[in-house]
């Protein structure tokens, strides 16, 4: 074999070995090496794969990263804004200065200049799904990483950043469609406007918010705490960087901002061939932004799910339309003094107009709110150290919802007129609420007093009746008439029995037990099956024998003669 032929054979073997290396799933690309369509990088533990692909039914070419066991789940796209007409003839390379280049027929389609420099740059796909450029001689730091340029998927360890000072942002943007990975309408991001919170936006309009960070978690997301995740939150100059980490590396998770507008968290099943949904945001109807309008509170466990805060009333809209929320039942009276209503276990309202101080106490915060007539509510923004800081809201309170499982220390205080706090005063503002026990005693005493006065009036009428004669109808006591004749429609009442008892004691009815008192009679009439006492001999009576008028009779049932009986007729006279 001649030398030129040997050289060509050696070159072919080296080229074949290089191609075989990529085919077997190497995780690293070195300078002057290339990846063409059909070749991929595979992370060390066979979790992620990187290469060229065409999504759905599209023929356009993209460079992306996906799960090796579920190739249809793409987690990152390099050139989502610059698609290739197709994937034929394209190649990826890394230059000696660390620049990544996608080229075709000698023309550059997409390139990336790393911020640092390296003497021996390499491109490596990690088991975290992070594609990094680093110096092969110093792998402790990255010159560039794909985690700094998220697309629609958040992987464990990926930061969510919003730094207004530097303009740095890291957030998720949905695909346009399953066939088009270009940026869609929905964004999932962190907002650092005094207090950090996570939001979903649709073309810049809020669709969902977690509630502000309270030092431990997002105040409105206590219900959605995940047992498989821990949150690592880093503050730097009051700017929150939010990171989610799984408790176990054996659990594979991803969070995706989908084209439908939902953020979903997925967990790979044990067979490593499919995914299960473990969380969806918005979680329920109350998670949608401003579902119950200003000063409305949403509770998914109630029907209807919207209600107004105390001191507020729904407007004239239809019962199902809460877009305009609630308005104050009574206006605030800043000069004469207002109070505050304590509201627990709710997601704090949106921070549209607010003031934040991280060092004030709760009592100092209350005083500052009272001084400002535009302050509508205040709270401790942080639960740490027993509650700290001062957060004040100005203007309407929007997007409030009840939260199950929220920390009992998460309390906000809503400004109300003193008159609205009289019936439900949690802070001692305004007049104190009367205790039910005292109220019952007062009402009972008043009732007894009124009863005695009425009975005295009746007694006076009875005396006048006696003085002017029984035939005087100017003031005939009704109870005397009832003693003389019991009408069929007579209906005894406890009130009548009470007054009769009072009158009988004054007039001497039933003296020496000769007649039952009228209160006893009324009780017996009102009680079914009551046993009547044996009647006593009246004070004055005339006995008339009736033996001549009553014939002897025979008891048919016993066929025995019954004894003759006598009857007495009593002439009644008032004593």
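Note: Cβ is positioned from N, Cα and C throughout, glycine not excepted.
TrEMBL entries are annotated by machine, without manual review.
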I'm validating the feature mapping. Which of 418-438, 439-459, 460-480 is tagged transmembrane segment in TrEMBL?
439-459
The domain 'Bulb-type lectin' (26-146) - residue tally per DSSP class, helix then strand then coil:
1 helix, 54 strand, 66 coil
What does DSSP give as the helix, strand and coil breakdown of the domain 'Apple' (334-418)?
14 helix, 34 strand, 37 coil
